[in-house]
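Asker: Take a look at this one; I'll ask things after.
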Amino acid sequence: MRILRGSPALSEFRVNKLLELCREQDLPVTGIYAEFMHFADLKSDLDDQELEKLEKLLTYGPTIEEHEPEGLLLLVTPRPGTISPWSSKSTDIAINCGLDTVKRLERGTAYYVESSVVLSEAQVDAVKALIHDRMMETVFTELEAASALFTVAEPKPVAHVDILAGGRLALEEANVSLGLALAEDEIDYLVENFTKLGRNPNDIELMMFAQANSEHCRHKIFNADWTIDGVDQEKSLFKMIKNTFETTPDHVLSAYKDNAAVMTGSKVGRFFPDPKSRQYTYHHEDAHILMKVETHNHPTAISPWPGASTGSGGEIRDEGATGIGGKPKAGLVGFTTSNLRIPGFEQPWETDFGKPGRIVNALDIMLEGPLGGAAFNNEFGRPNLLGYFRTYEEKVTSHAGEEVRGYHKPIMIAGGMGNIRDEHVQKKEIPVGASLIVLGGPAMNIGLGGGAASSMASGQSAEDLDFASVQRENPEMERRCQEVIDRCWQLGEENPIAFIHDVGAGGISNALPELCDDGERGGKFQLRDVPNDELSMSPLEIWCNESQERYVLAVAPENMEAFDAICKRERAPYAVVGVATEERHLTLEDSHFDNTPIDMPMDILLGKTPKMHREATTLKVDSPAIARDGIEIDEAADRVLRLPTVAEKTFLITIGDRSVTGLVARDQMVGPWQVPVANCAVTAASYDTYHGEAMSMGERTPVALLDFGASARLAVGESLTNIAATDIGDIKRIKLSANWMSPAGHPGEDAGLYEAVKAVGEELCPALGLTIPVGKDSMSMKTKWEENGESKEVTSPLSLVITAFGRVEDVRKTVTPQLRTSDTLEGLGDTSLVLVDLGNGKNRLGATALAQVYKQLGDKPADVDNAEQLKGFFDAMQNLVRNDKLLAYHDKGDGGLFVTLAEMAFAGHCGVKADIAELGEDALAVLFNEELGAVVQVKNDDLDSVLSTLAANGLEACSHVIGSVEASDDFVFTSGDDVVLKRSRTELRVIWAETTHKMQALRDNPACADQEFEAKKDNTDPGLNVSLSFDVNEDIAAPYIAKGAKPKMAILREQGVNSHVEMAAAFDRAGFEATDIHMSDILTGQAVLDEYQGLVACGGFSYGDVLGAGEGWAKSILFNAQAREQFQAFFNREETFSLGVCNGCQMLSNLKELIPGADLWPRFVRNESERFEARFSLVEVQKSDSVFFDGMAGSRMPIAVSHGEGRVEVRDGEHLNAIEASGTVALRYVDNNGNPTQQYPNNPNGSPNAITGLTTADGRVTIMMPHPERVFRTVANSWAPEGWGENGAWMRMFQNARKNIG
């Protein structure tokens, strides 16, 4: 083993945060220094040349001052016996760089801890707990001890459970020790069946059975028979859900039987490379819509980052594994937790009710979990466009008496939508003899028993089993697998996949039997053919672990050659682990021990286990009305704006890429001031169409404490009032996912669940014409623990989260909450605000945000009293949206009318005057009730026609003209002549932002968080704006395109790159012939660059950014003789041009020694905020010789920014001056007044002199961090000025490239 020192691992503010944590625990630590340590496992000694190459490879990241460390060494490394994603990717790079001597690389972090006194053993343990994740890491106290990382242990054998001698008792003991969560009748079932077989079960068989038959996988409660209040019920819960499909099957292509549901989409030109020529082209066909929403609550409670990350990853796999290959497209995440209690910002309603030690508190869940979910989506390359966040934790009198209700077991929702070809919606038959394949990463000893563990109440299982059930993520691996699936479905009728499932709960022990069973086959498997990174694992651990990023497939023998070629090109590992058999029998052979750990008929594993029967009793709640004493409207407004459910969510949004794909038509951020208040998420179906897809969410979970049915109806209603803001048309085009969370078995909750399912499945959805073709249930939403001998519990309310999906006719019609004034819309004229109140003046306050911030529950909650009226509302809004009658639209939800109008004013940067006299005499109830409805802004010229449309749909009595919009800072509610509330809009905007600021300051660089917060106090901020030196609607490439010649453009990608398709689309539109080129094509000689005139290196996360962003990719070129020669020759050909964007920018900057005129280029390193930044940032084109920016100097326009490592790093001031003097700076960040800026977030990464793009001395090669290819269409811009046509301003760059060739 060779040890190589790396660069410092922690910036100054990260060290300070760690020291602060030490102080909080009274640890006498005075200083901490950390640096990376690299360990190389070698086949033989390195010669000098190889050592120099390896040292260069392992020099990466920002330059932080090094010093000779002192103090106690604590070396954090991956757990011995495991291979980290960092290790596998960096080893790949080393091998691609020709370092064949390297068997494996691994990385640790050496912490040197200085203290005022010698630390005791307990204190050292406390420091260790702060610096490592015990699930995946270990701590050594000397560097040499890291050799344990490379020791290979002996495999453990299979174990038996002796039921033939020990009977039922033996299985009961195994049930506890293995954490199987088997029910009594399942234990009887297993004893009976194995006794019949005349043999003892192996532990692996029992674990496999437990996973396959867990509540998590089998949904026993939803399939159970029910008796309520002594009366047998006709239908199971699942039957009532299916009733929605039986009533309204319209537009549903697949429901209840696959990994995701499918509905009909639009006929569009899907843009992807021709499988033979690899040239990108449009394929005119149906792009059907697939949809799925998952929960990952249990793992997120135990370990938030990986819990949320693998939640998103699993849901993405569900989409990819739909039919015989789908394409994930856009994502959503949602969180419900107990109160945050932010240190120093605790709120009056936040009481501390305690928690068990094994789960994480709500604050840490929300500091870490969202980062995990965002990081997976970012690295995979899926925009995250939607979400919600609710906090609830209170002692209330509910139907079960006085108790604490809250979310110590959080809800973590991960969902999304994608597209699928018509011929791929249904799975095919699995032929006998088909290869049964595991595609993706290796088996690791993590995530054991996740299905069974998540089916128990938090705190019931042993702590080590809880931790064992958490998984770890490697999104770049999943991206590679998805690229394989993409290449397969792009073959159309020749798609080699016959059957596919994702690997989720229960690992391959669930996925492979399910694959065989669904394909009506058996399977014969070889245990030692399963790719395995921990050789010491027992058969149970290999077969049942939940290692992520894996799919199981069936491929006919005659298609294996094509499948193998695709996997090699995409560098996606796979293994044939078995063969499909005619007989429905499952066999698993182990060549190492020469035995058969599994040998059982399929019908014992997945057969008719006993059906559950639930007995339930209805309990009614008697809760008093809200006590008004001491509630002042002004203070109520402030409190409600600080409630996390209502407060600004920027800290949850800018961490997630919202522009990747170039197909995003509506993200969360709205208008020139980029305020996060969008009603719904919208994507375009392709680059040649305005058809698209939309997603929205609805949930009102605290209402279930008063009325189960109302809570469920409101969730459906809110999803509709949100999605009504876009152009859907017929309500039957909308399909819902229903995610049900319940503390099953808690007094009154089972009957309540039945009531809620009936309310939507049998009543509301059929009345509206809505279908629920997909969903999930999580039936153990309770946390129990002991504290000082007292048993405690926190029980969640019944929680239904609805996600609505719909096909969009025209994405341009989407209306946002941004109020318009003549400042933002020329020639606007007078406008009015109209409230449509679906509560019909009832103004009920039960379980509202207002009630919560005063520690109350109230009596009657809002409800959907009239389904016909709700449908009329949707139809009316669709008419008005389609006919361009609405300037602004915002649904009424948490926080009521007050919050609806406040958010509209924040987005419009304007004032509001509203008179609420005709809405009721109780001003508090009028302002803060959460009845369904919406506020719209309309031109006074259109007011009569809008009101008559509302009346024609039965809404006349509940439609009220309530006020006007003003270009001012005044936010005023009156009731006749009486002023009810008069505030500064800016002041309210700042209060609304406090929560996001506090969370950002705790999690990211606090200096950046403070700058962003300060900027929100500036009422004079003009917002995003555009100033162009050219005509955006002129196509300067048109004359060259007309000639018919198409110059050849290499669209270059490496493993982990995810922005290549939109880049190809932009160059294709500009008249180029765009060709898909993977780095593996170059390294294997399948592609040569001398055939191309242009080359573009695309954005993403090459090699997961393990050796610095873009650095691994660059080094695999620099240190590979053949690749180096090709690239050098290309850059030296004078007729060529090149572009590097984001990851491609980072990569080309590291190739500068090969690029003429690039010698001054800087490096790009970690953002100053130390966070991935997804922003819509204003930039100005500088005067330079770049062929891309010809005629654009002085132009100022916004652009998509999405990166974690975009900060320009120069050697010193002299280097920076030389760059400026050379005239090669091509782009700078500017503020909204047009000045180059260092202020965050206008300068999202802290680059000196606001530099974000450079070119070479002759202008042939340009690099830039922002993404022009994602916003080349006007509809793909988060905000664009009126008057832009189909092409956005950034399309000019690509047209310039075409014009330059002539």
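Positions of Cβ are set from backbone N, Cα and C atoms, glycine also.
Source: prediction; values computed, not measured.
From Swiss-Prot, here are the annotated features:
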BINDING   Gly307, Ala308, Ser309, Thr310, Gly311, Ser312, Gly313, Gly314, Glu315, Ile316, Arg317, Asp318, Ala678  ATP binding site
BINDING   Glu718, Asn722, Asp891  Mg(2+) binding site
DOMAIN    1049-1302  domain 'Glutamine amidotransferase type-1'
ACT_SITE  Cys1142  active site, nucleophile
ACT_SITE  His1267  active site
ACT_SITE  Glu1269  active site
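Tell me about the setting of these features in this model.
Answerer: In the three-state DSSP scheme, Ser309 (ATP binding site) is classed as helix.
Around Glu718 (Mg(2+) binding site), taking its Cβ as the centre, 26 other Cβ atoms fall within 10 Å, counting all chains.
The 10 Å shell around the Cβ of Cys1142 (active site, nucleophile) contains 32 further Cβ atoms across the protein chains shown.
Sequence-distant contacts of His1267 (active site), defined as residues of its own chain at least six apart whose C-beta falls under 8 angstroms from its C-beta, comprise Ser659, Ser1059, Gly1099, Val1141, Cys1142, Ile1199, Ala1200, Val1201, Ser1202.
If you draw a 10 Å sphere around the CB of Glu1269 (active site), it holds 30 other CB atoms from the protein chains shown.
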Asker: Compare the C-alpha of Glu1269 (active site) with the C-alpha of each of the binding-site residues Glu315, Ala678, Asn722, and give the closest one.
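Answerer: Smallest Cα separation from Glu1269 (active site) among Glu315, Ala678, Asn722: Ala678.
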Asker: Roughly how many angstrom lie between the C-alpha atoms of Gly313 (ATP binding site) and Glu718 (Mg(2+) binding site)?
Answerer: 27
Asker: Between Ala678 (ATP binding site) and Glu718 (Mg(2+) binding site), find the distance joining the two CA atoms and give it rounded to the nearest Å.
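Answerer: One finds 14 Å between the Cα atoms of these residues.
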Asker: Quick check: with Glu718, Asn722, Asp891 left out, which same-chain residues have Cβ atoms within 8 Å of the centroid of the Mg(2+) site Cβ atoms?
Answerer: Asn679, Ser696, Met697, Gly698, Gly717, Ser719, Leu720, Thr721, Ile723, Ala724, Lys892, Gly893, Leu932, Ala934
Asker: Could you state the CA-to-CA distance between Glu315 (ATP binding site) and Glu718 (Mg(2+) binding site) to the nearest Å?
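Answerer: Their Cα atoms are separated by 23 Å.
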Asker: Distance between Arg317 (ATP binding site) and Asn722 (Mg(2+) binding site) at the Cα atoms, whole Å?
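Answerer: Roughly 27 Å, rounded to the nearest whole number.
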Asker: Return the residues near Gly311 (ATP binding site) by Cβ distance under 8 Å, restricted to its own chain and a separation of at least 6 in sequence.
Answerer: Glu294, Thr295, His296, Pro299, Thr300, Val333, Gly373, Met412, Ala414
Asker: Ten-angstrom check, please: count other Cβ atoms within 10 Å of the Cβ of Asn722 (Mg(2+) binding site), all chains counted.
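Answerer: Total other Cβ atoms inside 10 Å, all chains included: 26.
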Asker: Measuring Cα to Cα, how many Å separate Gly307 (ATP binding site) from Asp891 (Mg(2+) binding site)?
Answerer: 32
Asker: If you draw a 10 Å sphere on the Cβ of Ser309 (ATP binding site), how many other Cβ atoms land inside?
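Answerer: I get 31 for this one.
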Asker: Could you state the whole-number distance in Å separating the C-alpha atoms of Glu718 (Mg(2+) binding site) and Ser309 (ATP binding site)?
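Answerer: Distance (Cα to Cα, whole Å): 27 Å.
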